[in-house]
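Presented below is the structure to which this report refers.
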Amino acid sequence: MAAGLRKRGRSGSAAQAAGLCKQWLQRAWQERRLLLREPRYTLLVAACLCLAEVGITFWVIHRVAYTEIDWKAYMAQVEGVINGTYDYTQLQGDTGPLVYPAGFVYIFMGLYYATGRGTDIRMAQNIFAVLYLATLLLVFLIYHQTCKVPPFVFFFMCCASYRVHSIFVLRLFNDPVAMVLLFLSINFLLAQRWGWGCCFFSLAVSVKMNVLLFAPGLLFLLLMQFGFRGALPKLGICAGLQVVLGLPFLLENPIGYLSRSFDLGRQFLFRWTVNWRFLPEALFLHRAFHLALLAAHLTLLLLFALCRWHRTGESILSLLRDPSKRKVPPQPLTPNQIVSTLFTSNFIGICFSRSLHYQFYVWYFHTLPYLLWATPARWLTHLLRLLVLGLIELSWNTYPSTSCSSAALHVCHAVILLQLWLGLQPFPKSTQHSKKAH
């Protein structure tokens, strides 16, 4: 009898779940015109797109030829570590020396063994396909919490980008590995799990240094949330993980490890640039040009920090105080504050990069819908925003890059920057009330 009651209970709960699902689908069908426009339907649209992406991604793997670029070099560099070489200056691959931090070595060491010492390319492609789907899942969870982007935009973020599919499953670059860890970090930050968020952020940096473009935004958020003293333990997590991961190499040759894995002055080849093709090569390689880009990058970050990210009415130096001692009562950071600050910080860095190579597209591709749709702008209609997305995709798919494709990319970046600058959000109500009280 007890078994019968359990069986009835299970069947009853299953029927109830099926009924709720049916009601939800019926409501979605009744509101089908809103389905592609209302952010509250993000998860439903995301589920459909992820299912479509399973088929598309594995079709690409089986129908489009794999292109060898860096995979063999990655495997050769990792194999050097496996064979006992911990001096970074001695680790080489077919395309040059090892220039990525220690996290890259450990993760690709796992891929080395999972793919039969790097020889099973199809297995590697399948692993990167799963990585691609995991990236989409993490990105959709971020967009679901921000409730800013209409779901129809996600079609262009998924199925319509040939270049991104190519970077993940036809080229096997390390950039997607760094970005999936970064998006996992952001999900932890949105859940107010700041320690775990900083841990995975540091892990992403340990795979590829481009993730540091998000660091100014993260530092600002930590100061907003905790003040200077409260942020120190979180910054300690970021720094400590780098030391722990790099310890075998630091003990062998600390200067060699730091100069190779965190080389901020590395020179890029003009033949691969996507964003500066319209410049003379001599100017592209000139140090004065690099310093000018760095100055513009830092200036714009400072302007956004002073005028757009920090809008409580207090001095920017108030961020250094304990939140409980500030004039404006501390409020929990909203999902949009967190995402907007991080995505904008990264985007500013990309706009002023010394060079962008084709695989660097994934550094900001999945953030573009948010950057374009998160802030209100009457002058930028849905059609114009889609046009900007399309031109960016076209610029990244033009190979080799041309003066026109590079110029078009900069124009699109300028439109997004202008949109971010002009799309000023009002003060939170709590802030306004506290100012009136003063």
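The backbone N, Cα and C atoms fix where each Cβ goes, and this holds for glycine too.
According to TrEMBL, the transmembrane segment annotation covers 41-61 (among others).
Sequence annotations record features per position, and here TrEMBL assigns transmembrane segment to 98-115 (among others).
Residues 39, 42-43, 46, 49-50, 53-54, 57-58, 61, 111, 114-115, 154, 157-158, 165, 168-169, 172, 176-177, 179-180, 183-184, 186-187, 190, 335-336, 339, 366, 369-370, 374 of the same chain lie 6 or more positions beyond the ends of the transmembrane segment (127-146) yet place their CB under 8 Å from a CB of it. Marked as transmembrane segment by TrEMBL: 127-146 (among others).
Annotation source TrEMBL lists transmembrane segment at 177-194 (among others).
Long-range Cβ contacts of the transmembrane segment (200-223) within its own chain (Cβ-Cβ under 8 Å, at least 6 residues beyond either end) map to 100-104, 107, 174-175, 177-179, 181-182, 184-185, 188-189, 194, 230-231, 234-235, 237-239, 241-242, 245-246, 261-262, 301, 305, 309-310, 319-320, 333, 337-338, 341-346, 348-350, 360, 363. Positions annotated as transmembrane segment by TrEMBL: 200-223 (among others).
Below 8 angstroms of C-beta separation, residues 216, 220, 279, 316, 344-345, 348-349, 351-354, 417, 420-421 of the same chain, each at least six residues beyond the ends of the transmembrane segment (288-307), sit close to that stretch. Under the heading transmembrane segment, TrEMBL lists 288-307 (among others).
Beyond the transmembrane segment (360-379), the same-chain residues lying 6 or more positions past its ends with a Cβ under 8 Å from any Cβ of the stretch are 135, 139, 142-143, 146, 148-150, 153-154, 156-157, 161, 163-164, 167-168, 173, 175-176, 179, 183, 210, 213, 274, 336, 339-340, 343-344, 346-347, 350, 353, 385, 388-389, 392, 396, 416, 419-420, 422-425. Here TrEMBL flags 360-379 (among others) as transmembrane segment.
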